[in-house]
């Protein structure tokens, strides 16, 4: 069976499971906190641990996607080598060293995948702990998240690390609830930046406008980040900037790849468009943060702001691709998606199916960018372009929901249909 057929099968089966679960979810309403914890653990075992055992232990499949890159860098880190100077990584400086944790006991690429699963599980558990009393149906939302095919494939088959960013986000909520000191939020987010990837900057800046005492927040960032920056410069000079080269590479799908048959080849303006994407993402997210600060607590506002930031980034930045959805799918499930709204569910299921299918299909076609309508003459290209349009359409729909929730203050119940957003 080819990889793309396998991915299509997963997307279809996962979609059916998600829809089926949503039809019968009311049967477990009202269960106790202890029962919630047990059921959440059971779902995690069924939808994460069991697939891992099946794929890597029983079927003995090899790891794919970025995992071999992670493993190579982690092995170098285990030997005490210096990141960026002695070996290369596209991620933040602490990331290769963090990925060695299980390798001391099980030196294989599969151990890295299992670590990614554990990190997602930690993010899931902490998110449930934070929101189980604050958002009434957060438990159902998180169970639904576990059934989605997108996170399943990104975590178990792709070994993606993007969920680590939200892990730091939810930790920042916990430290705020316990200390009421914005300094510690800054410390946590600085650690996120030096542990995950440079994309964390896109949320760190807007958070300045969300937090009660922003100067304390900046102090926390500086106390943690500046010593790390000085040490990096002393050890590797400016080599720590090399991961930023990825921002120059075009990926799909996003606004620019969808419109490129109409506007022509945007790649000669790649650097300008990259900065435009960053600037607009920070500006839109900062405006959202200013509005949210006036209307709700930090813990309620952060998942909305997080979803706005990275959903808009995926829409506007020419280097965005579907894997980045892993950054915001969990907070989006907690704060944005209405499980009783059929349009939300349709968009969510379709979005997740494309997360599973599109990357494999796009890479299989040798990463095409269509700069002329004639490029869509082939059926394969037309199918791929149709997936791009649909994917970006889902992003637009989520952004419209966020506009209604943030801009109009409709927090408890998002829009009932896309028409109400467009025509009101």
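Keep in mind that glycine also has a Cβ here, set from the backbone N, Cα and C atoms.
Caution: TrEMBL annotation is automatic and unverified by curators.
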Feature transmembrane segment in TrEMBL, mapped to one of the ranges 245-262, 299-316, 317-334: 299-316
Stated TrEMBL location of transmembrane segment, expressed as one of 39-59, 60-80: 39-59
Long-range neighbours of the transmembrane segment (346-365), counting only residues six or more past its ends (CB under 8 A): 3-4, 7-8, 10-12, 14-15, 18-19, 148-151, 153-154, 252-253, 321-323, 325, 337, 380-381, 383-384, 387-388, 390-391, 394-395, 397-398
Two-stretch contact, the transmembrane segment (272-292) and the transmembrane segment (112-131), at least three Cβ pairs under 8 Å: no
Long-range neighbours of the transmembrane segment (112-131), counting only residues six or more past its ends (CB under 8 A): 36, 40, 44, 48-49, 52, 56, 63, 67, 70-71, 74, 99, 101-103, 106, 138-139, 142, 145-146, 151, 155-156, 159-161, 163-164, 166-167, 170-171, 173-174, 177, 299, 330-331, 334
Proximity of the transmembrane segment (217-236) to the transmembrane segment (299-316), 3+ C-beta pairs under 8 angstroms: no
Residue numbers, six or more beyond the limits of the transmembrane segment (299-316), whose CB comes under 8 Å of its CB atoms: 130-131, 134-135, 166, 169, 172-173, 176-177, 199, 202-203, 206-207, 210, 254-255, 276-277, 280-281, 284-285, 288-289, 292-293, 322, 324-325, 327-328, 331-332, 334-336, 392, 395-396, 398-399, 402, 405-406, 411
Outside the transmembrane segment (39-59), six or more residues from its ends: residues with CB under 8 Å to it: 28, 31, 110, 113-114, 117, 120-121, 124-125, 128, 139, 142-143, 146-147, 152, 155-157
